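K.L.:
Quick one: the structure is below, questions incoming.
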Amino acid sequence: MAGSSGYGLLKLLQKLSDEEFQRFKELLREEPEKFKLKPISWTKIENSSKESLVTLLNTHYPGQAWNMMLSLFLQVNREDLSIMAQKKKRHKQTKYKKFMKTTFERIWTLETNTHIPDRNYHLIVEVQYKALQEIFDSESEPVTAIVAGTTGEGKTTFLRKAMLDWASGVLLQNRFQYVFFFSVFSLNNTTELSLAELISSTLPESSETVDDILSDPKRILFILDGFDYLKFDLELRTNLCNDWRKRLPTQIVLSSLLQKIMLPGCSLLLELGQISVPKIRHLLKYPRVITMQGFSERSVEFYCMSFFDNQRGIEVAENLRNNEVLHLCSNPYLCWMFCSCLKWQFDREEEGYFKAKTDAAFFTNFMVSAFKSTYAHSPSKQNRARLKTLCTLAVEGMWKELFVFDSEDLRRNGISESDKAVWLKMQFLQTHGNHTVFYHPTLQSYFAAMFYFLKQDKDICVPVIGSIPQLLGNMYARGQTQWLQLGTFLFGLINEQVAALLQPCFGFIQPIYVRQEIICYFKCLGQQECNEKLERSQTLFSCLRDSQEERFVRQVVDLLEEITVDISSSDVLSVTAYALQKSSKLKKLHLHIQKTVFSEIYCPDHCKTRTSIGKRRNTAEYWKTLCGIFCNLYVLDLDSCQFNKRAIQDLCNSMSPTPTVPLTAFKLQSLSCSFMADFGDGSLFHTLLQLPHLKYLNLYGTYLSMDVTEKLCAALRCSACRVEELLLGKCGISSKACGIIAISLINSKVKHLSLVENPLKNKGVMSLCEMLKDPSCVLQSLMLSYCCLTFIACGHLYEALLSNKHLSLLDLGSNFLEDTGVNLLCEALKDPNCTLKELWLPGCFLTSQCCEEISAVLICNRNLKTLKLGNNNIQDTGVRQLCEALSHPNCNLECLGLDLCEFTSDCCKDLALALTTCKTLNSLNLDWKTLDHSGLVVLCEALNHKRCNLKMLGLDKSAFSEESQTLLQDVEKKNNNLNILHHPWFEAERNKRGTRLVWNSRN
């Protein structure tokens, strides 16, 4: 018997005559090609009965069998069967729609807290609703859309309404036959499933089979909600799967669906919050975005008037206009909480409106008001005990990453059925099918934070519940974003005024324990020996502002001497300025400012809220406040900052002396401005380069026009300029600009110059060589890698090396010098007047032919200590010549780089001899070389030799066999002075060249 998935098809096939069935089978040989599917062998088709043919089709063409048979019915002139099949399909689709309508009407009524008429809700989300229709109605191809916004802005409510409207026949009717709605966080305890099982769990009886439903993926929409609270990592994976029937780990199924590996023809509508956007968005293909903007001031008033009767609503709306709570009420969930809180207050016949500057104060008012309405006359001790059970449930769920609770979870945490009924009435909890959830995930975070204020030493320890230091570590050092809201409440509840709100219902709650735990954690984090570093400082600053406790804020920020901040919005700039202006200990600040912060593009009128307009208006003030601390810093790193002209002018003003801040008060020693899109007209240089302690200036990746370069050079020539390290890599500096720079450095204090990754060409180097020949030039290091140089540049450098007495490091890496160019350099190095100590020549297209000259230099030059020849084709012959030179008693070389060079393991004997005879060699880089085991044995014998003085060997141990890795580990154990490292010089070379990566918070 064909499985239930093919029962409907079998009934239709049985209506075919034998002749029609034979013709049907013959046509089936060709039909798969129309659907771009692999054909079934004719032998299998020919020998099939009607029953076995259905099984065959469902096995080979899951999800396509129904459509294929509809087409074949028409071809055998049985249009009646095709019509009958389509009617069956429509009937079952209608059943599903009716079932979903009933389900989501219940959810909308019982679980969705709009508390206003539907017509009023549609007016509030009119823009987003139109966007949803346009996105899906205008496209016939699969679409992925995101509903984005901050927590509590109504994303889930919007999606529930969309689902209800589709099921009611008023939305996307011509686009989708099936719409499935899943809250993905409810899968947190499901380790394995198939997409077919997930879909089946939502289907009523007598629905189409999953095979039939998925036969036309273009008519299917998946609405996925709750990614902020999903515990699974959905990062890009190589083991994705296209089989929707196969049971797989939950994260593989979800990731395969999101990345369109599984059911690529379906459409997706996803709810993504601030936590999930950076984790999920990059997995999606060309997503369209619908942004929930929150309530405008007008919408808040409209909501209040809809929530209450007209007269009371007007009174509430008028009061809100002058209430600090208004900016919080732009969040729809908080607006609902505010109105609910007032309703309870009015029911108790209490006068006045509560005020709240922070989320913690807001939620505390809501929670206390709910308790007063139910337990007004209960002793505070009883209320505290009741509250503690709810808080324990919340915090246990947070640590387990659990947001959907069963009856056992409630019972284990001391919540009885009668307690549950009270929490449901208070709207702290709500039902979720047969399970229970908090009324909003943010409410769970609030009660979880409250747990730490109710906790006592005598309490029984629950192993799964972490300590405050563990919680803070997850938030600020390990980047676990699901804890951020809890952290905001934890800091907010520290406030004495917020604690006072709790006292009437719950007695005296002392926040000092939590405060001390927080301070202790950051004290440890700020110590150098701590393995963890602060990663989310902007979140910390937001939490500190929510505490509203000046002394506490100062105590925390003064524990941190170095901070990295990613400023992505005006609000982040605001909290950063608030926190850092209170620091007296900060020495190093690494700052990244995104383009949107200083953008002059405003939102459309319908998106404007009082909050958003205020933020834009105050951005300049926040920036000025932050700039005010720069004079006290020792290191300022402006990495990939996107400024407008006004912001640059404010930066310039902050670095200028005033009557209250004289020039001598500025402590800045190091300034980096890498990858800045706009450096202004260059007038900033005059201000910066007069700072009395500024010794280091790095502009890597920041384009400098000719005019800006000239202003930089003018500032360098000023006698007040004390810059010693000037790093101008990747600044678009031409040969002509290089000439101007060279002239400005003749009488300057600059000792280290990096011009890497600029098209200087030979003409530019000629100008630099003229500078080097001037007796007034004090330059000691010159970095010229990737500067489009040829052997001709080496002719100019030959003369400069002979006349300059200060230059000790010359980097010519990754230039087309060839053997001819290096031979010219060797002639200079053989001269006793040449004082160069380090020569970097990696990737210069060298062969073994230049190694004879280099070897001669190693023998006769007593000054050269470092020679880097990596990534050159010097072959075995070249390595042997170098090893002979190293073995010479006159050789003084200390560091030799042969990483990525072309040579074989046969050279290991020569290297071993050099290691045991050269008394000065302490660093040998063979990184990226995978020597065979026999060669490695020879090398390791030399490393264990008592005459070997090597301290660093560059090798990637992980690239070798287990046997070879064990050999290298044994060498390190026996020789305590030796370190075998991968990328041994990477950081040092990067620092010397001044190169930076494009912004990353971990850079």
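Counting begins at 1 with the first residue displayed.
Placement of Cβ uses the backbone N, Cα and C atoms for every residue, glycine included.
Below are the features I grabbed from Swiss-Prot:
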- Gly149, Thr150, Thr151, Gly152, Glu153, Gly154, Lys155, Thr156: ATP binding site (BINDING)
- 1-91: domain 'Pyrin' (DOMAIN)
- 143-465: domain 'NACHT' (DOMAIN)
- 749-770: repeat 'LRR 1' (REPEAT)
- 778-799: repeat 'LRR 2' (REPEAT)
- 806-826: repeat 'LRR 3' (REPEAT)
- 835-856: repeat 'LRR 4' (REPEAT)
- 863-883: repeat 'LRR 5' (REPEAT)
- 892-913: repeat 'LRR 6' (REPEAT)
K.L.:
Let me check the 10 A CB neighbour count of Thr151 (ATP binding site). How many other CB atoms are there?
P.N.:
19
K.L.:
Per DSSP, to which secondary structure element type does Thr150 (ATP binding site) belong, with helix, strand and coil as the options?
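P.N.:
The residue in question, Thr150 (ATP binding site), is coil (DSSP, three-state).
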K.L.:
Taking the Cβ of Thr150 (ATP binding site) as the centre, how many other Cβ atoms fall within a 10 Å radius?
P.N.:
15
K.L.:
Cβ under 8 Å, sequence separation of at least 6 from the ends of the repeat 'LRR 4' (835-856): give me the contacting residues as numbers and ranges.
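P.N.:
For the repeat 'LRR 4' (835-856), the far contacts come to 785, 801, 804-819, 821-823, 825-827, 829, 863-879, 881-882, 884-885, 895, 897, 899-900, 989.
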K.L.:
If we count other C-beta atoms within 10 Å, could you say which of the binding-site residues Gly149, Gly152, Gly154 has the fewest?
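P.N.:
With the binding-site residues Gly149, Gly152, Gly154, fewest surrounding Cβ atoms within 10 Å: Gly149.
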K.L.:
Would you list the other residues of this chain near ATP - those whose C-beta lies within 8 angstroms of the C-beta centroid of Gly149, Thr150, Thr151, Gly152, Glu153, Gly154, Lys155, Thr156 - in sequence order?
P.N.:
Gly273, Met292, Gly294, Asn331, Pro332, Tyr333
K.L.:
If I take every residue in the repeat 'LRR 4' (835-856) and average their pLDDT values, what number comes out?
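P.N.:
Over the repeat 'LRR 4' (835-856), the predicted model scores a mean pLDDT of 97.
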K.L.:
Considering the binding-site residues Glu153, Lys155, Thr156, which residue's Cβ sits among the greatest number of other Cβ atoms within 10 Å?
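P.N.:
Of the binding-site residues Glu153, Lys155, Thr156, the highest Cβ count within 10 Å belongs to Lys155.
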K.L.:
Using DSSP, tally how many residues of the repeat 'LRR 5' (863-883) sit in helix, strand and coil.
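P.N.:
Summed by class, the stretch gives 9 helix, 4 strand, 8 coil.
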